[in-house]
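Here is the structure we will look at, set down as structure tokens.
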Amino acid sequence: MRSTTSHAAGSGAARFRQFLRNYGWAYAFIAVPVLLFLVFTLYPVGWAFVISFQKYGILKSTWVGFDNYTYMFKDDVFWKSMRNTVIFTIGTVPVNILISFGLAFLIFQLKQRAQTFFKAVLYLPTVASGVTLSIVWIAIFDPTPSGMLNRLLIQLGLDPVIWLGQKSTALFSLMLMSWLGSHGSGIILYLAAMGGIPKSLYEAADIDHASGWKKFSRITWPLLKPTTLYLLVTGVITSFQVFISVYLMTQGGPDFATTTIAYLIYQTAFNFNQFGLASAQAFVLAAVIVIVSVLQFKFFSTDIEY
Amino acid sequence: MRKSKWLVWSLVLALVFVTAACSKKDPAPSASGGTGTGGKDAPKTEQQGKPDTVKVWTYPVHAKYEDDLKDLIKDFNAKYPNIKVEYEMLSWAEGPKKFDVALNAGDPPDLYFHAVSGQYVSTGLALQLDQYLTPEIKGDYLPGTLDLAKIQGKQYGLPLYQFQWGWGGNKRILEEAGVDWKKIQQQGWTWSEFAEIAKKLTKKLPDGSMQYGLVTDGNGANNDFIQLVTRNSGLDDVVDKDGKFIWNDDRILDSLKFIDGLMKSGVMPKETAALAAQKRTDMFYAGQAAIISKAIPYYDVMIANRNKDIDAGKVKGEKIDYIQLPVPHNDKYPAKTTSGAEGYVAFKQKNDKGEEHAKNTFLVMEALSGAKAGNSANELCLPFVRQSQAKLFEGKGLAQPYNKAAAEAMAKSVAMPVDLTISADTSAKVKQYYEQVVKPGVQALFTGSKTPDQLADEFKSKGKQILGQ
């Protein structure tokens, strides 16, 4: 019996050594990022989930059950910020995708050197920090008649607008900033995807005397769907988390017109020191993003093959 | 076999790296004696030859403050070589956020430049100083000034100066409109007197731009503006010194009507809700604002420096003579100056470094707040808080004599901050009320989307909801 056991143990050790020889390096390389993920992402997220059920104190926290969630769902400001976030997302993501696609489509018709030039030029804003861009936009949206955008309006015979200072235009101004902002990544992705479409498909369409629109609607657009879906999902996630422009340009005002959920989380945590409530808000935001992403995959990826 | 060993070591090293990066530092050893005293019970750190380090987070309090700070630290180290002072100069824009994050992570610096706050005390990390205050130190502070750094009777900070917020005027524009600004500086003015004067100050300039009677930054910082106005309507704050909600009667409605009147008459620009602080200053420099709100006596020095830069050709623009003005008051209530104290507030950390370190922190704090530190009040043209400072800087004032006299007159009618007496919990709720109710409400008033009556009702009902009264 003993010999059988020791034999089994010996063969087990041998199998482990064999496993290490075959896969050890792979696991070693994976171990570092996995550990970093566990320590710097999973652990804080898990801890934040616990805090969402607490009245957080630095030295002592108190368990409050679902109180933070109950308070949040009864809070007008939370619903206003959720509404603003949804409006911002609906108003920016599809428009940004269309702009990126349109620009990429135009650039794709150009010669290689011109393509490279436009790719570089249009990617530059992506490299610039959001803070810098916001400062430039503050000057553009200067509410006085000497403001850049207002000067343009006056030249056109229109009245100056208090862009960021009135409820009717504040959120629109942030959306305008997004539309005219960074499309670099989207353009690069679309150009790469356009370059990957086999030319033979267009040649076949030419033989069939297909019109430009037919080629676009039957070849180009369907084959770009995976890229569009990727941009849609990442765009929605990013816009649900919009923060920098709100923080720097409007601080959620006027009268909560631009308070987004990410800004509300920041304000709850760092202005009011209610970390429990802020964690609850963050988890609801995460849940909304997951649900929206799943729905997007469910409805938009039905005819996509990877 | 060798490969397996390498693999195991790689994994172990990765684990060690990650855990080491995340591990908490051991609390510093504590001892009963004082490093500064150099006594027998010197802390272990000293025994090991390592000085105790006191971390200071501060701000460019005035243009030459960093030089002052270096001098003060040098003097301190000559006396206490075993206490190392590490300072970090924060930016006014980002510093408060950085500090909040550090505080809420349980790792604030030992000393932080700010006014004391109930919210700091509620964290349990603010260091109570009463036990370290000697009769000599207490006696050096001018009457009432130490109280400005107390919360509910307990000392948490040492004031460096007593700040004042008022309004600031352009001498040329005021005199062109025939305004007797010297009389206003000394005797104050009522809302109705201001409304009359402001109409004269508001006009279209030859280049087509407007000159406004009053300009404030309505974007973000407008709680300051409403506070200045309401304090001059018999309301020291949202709550009184006992924490009772008081923005619920005609005094708040009067204040809102006053602001609304200024907006409707065009004395304040219609873009106020979107004006940032810098834009307000730019308008003042461009002669488009006769008076600006939330102005401090230091503007006298700052604008005098700008005038020198204009003379030197470094800056383009019109030279301005600055006039410090009190905020006008409701005809039915007396004038009140918005004031408080700023200076160093002491903290311990979640991993407490012990009593020895706390004593050393206080030693550094006192060194940064002593007689020589009075240069801050001098540079900022503010009243001194310590007798030794007043003596050292006597006759060295930088402000114009009339502005210095105005600051002294304003100091006679100071509204004591209620934050010093209310509980930390009420203080946090007041902050929330300002952010979630007052700030958006006043912006709505600026844009004309809410009337004073609607807003007064909203302030009342939300006050009940948030402050429970």
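Glycine is treated like the rest: Cβ placed from N, Cα and C.
Remember, TrEMBL labels are computer predictions, not curated facts.
Positions annotated as transmembrane segment by TrEMBL: A:25-50, A:86-108, A:120-140, A:170-192, A:228-249, A:280-300. Taken from TrEMBL, the feature domain 'ABC transmembrane type-1' applies to A:82-296.
Of the Cβ pairs linking the transmembrane segment (A:228-249) with the transmembrane segment (A:25-50) and spaced 6 or more residues apart, fewer than 3 are under 8 Å, so the two regions do not touch. Between the transmembrane segment (A:280-300) and the listed ranges A:25-50, A:120-140, A:170-192, the one holding the most Cβ pairs under 8 Å is A:25-50. Here the listed stretches are A:25-50, A:120-140, A:170-192, and the one with the most C-beta pairs under 8 angstroms to the transmembrane segment (A:86-108) is A:170-192. Counting residues 6+ beyond its ends, the transmembrane segment (A:25-50) has Cβ neighbours under 8 Å at 279, 282-283 in the same chain.
Packing against the transmembrane segment (A:170-192) from elsewhere in the chain are residues 84, 87-88, 91-92, 95-97, 99-101, 103-105, 107-108, 115, 119, 122-128, 133-134, 137, 141, 163-164, 224, 227, 230-231, 239, 242, 245-246, 249-250, 253-254, 257-258: each is 6 or more residues past its ends and has a CB under 8 Å from a CB in it.
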